[in-house]
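To start, the structure itself, in structure tokens.
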């Protein structure tokens, strides 16, 4: 059936959230401004209904077929009759064959100037990279797809990490030039000529322990590269969607997306559904306009899909960056995004700022978890990976920062790796390298599940166990269990259940209850099992904390000596009333 003319219009635009400036970069950019939304001249994207797919590649009614748009049933068309984009979209609205049509919007780069050269990758100590590396550095078959401006393939810290890729940028970067043909030399040339992609790739996968530069968070991971950002820092929706399709078909389980949106788009929504169905975790920058995405949505960050993690930026003071977008119901967590030292063009190294830097950290953290699990024969789904990362954040002590995201916290991949170890233990699987079930731990449950809002649930335990000498009583042990809302807790004596916390009720700080000398010590960490949440861990161990003094009323009348089983029962009793509630992901909010 011939294609007549028409379709329902909708607008899609992406604003690249790269926001970075290297001290060694010779560009001198002025103050960043939000650019006007621009469409690729003379192009539209059309999605046809299933019954009309046979005519998708035909030229009809002032449209010339260009190529598939990276989404089922969708293609890019050139306008050949001189009509404006708006007029052509209005005309397409009338067609029975067309499901919807959108402009092919350009993406734009926002750089945040930064002239201070750092010689230390401070983010590793903050997010717990070193602890996570004891279990995995990314070796294995996990693939991360990197959608950006390409990668400088001969950079000494990136050689050997790229296992394949594609280039959608024409050799002569002009709107009248076609996208490189599949299989052509240009299509296979995904070498970076802009610089942004090289920096973000280094955050993911720069080689470690080689005496050069720095190290990526997942220093041994393999990456796929899809180059769709031009040398002017811009790209297009259609190319971004094609990148996602290619990544999906290549078997990537994680994609790193340092670009964001300025308008809703059915094309983006449908593309995200397809990669979700394929099991890909879509990690995306929140953007750098300092906006509240709950009030001013930007896509794809505001899409709220189950497979998405939306990332904001924090600085060395661990408060949210002034430029970072935020959103209590939209942005999931933060990661370091200021003065992040990574790989630059010409083999150099230098710092950049932005949520573009935060995003690959989270993608790399996800890769570490998946590669560690793969060592013991477990394939983590995108949902499991996401929940491990979100339940292991370091909750901010800054009210403004805590209120800026769903979790209220900043990435901690070291804690996430310990949470994975607990998950594997509960499944009866081998322990991860570099973890010990006997370590004393402080455990936090950070699901926002109180009442109808996403509050926080915290279990704090201090485990100290000293063996008793022959014929004598053992040293005192301590145990404390608590269920809390953000920043507060209620204590439970060892062997007794903790008080249930009513939503919104303030309770006293976490305390420790001392068992008498000669009595049983606190629970052993290896026996700590708080149970799954929808089949996933709800506990995320961190570094052990020193016992806090018992409150006066409890110190005056110490609890009777508990058994180990009683001490553990206290923890279980405090947690069980809430631990099986479904975790309401941001996509369901």
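Placed from the backbone N, Cα and C atoms, the Cβ positions cover glycine too.
Here's what TrEMBL has on this protein:
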ACT_SITE  148  active site, charge relay system
ACT_SITE  196  active site, charge relay system
ACT_SITE  356  active site, charge relay system
DOMAIN    141-393  domain 'Peptidase S8/S53'
SIGNAL    1-21  signal peptide
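Taking CA atoms as the reference points, residue 148 (active site, charge relay system) and residue 196 (active site, charge relay system) are 7 Å apart. Take the CB of residue 196 (active site, charge relay system) and look out to 10 A: across all protein chains shown you find 26 other CB atoms. Ranking the active-site residues 148, 356 by how many other Cβ atoms lie within 10 angstroms of each Cβ puts 148 at the bottom.
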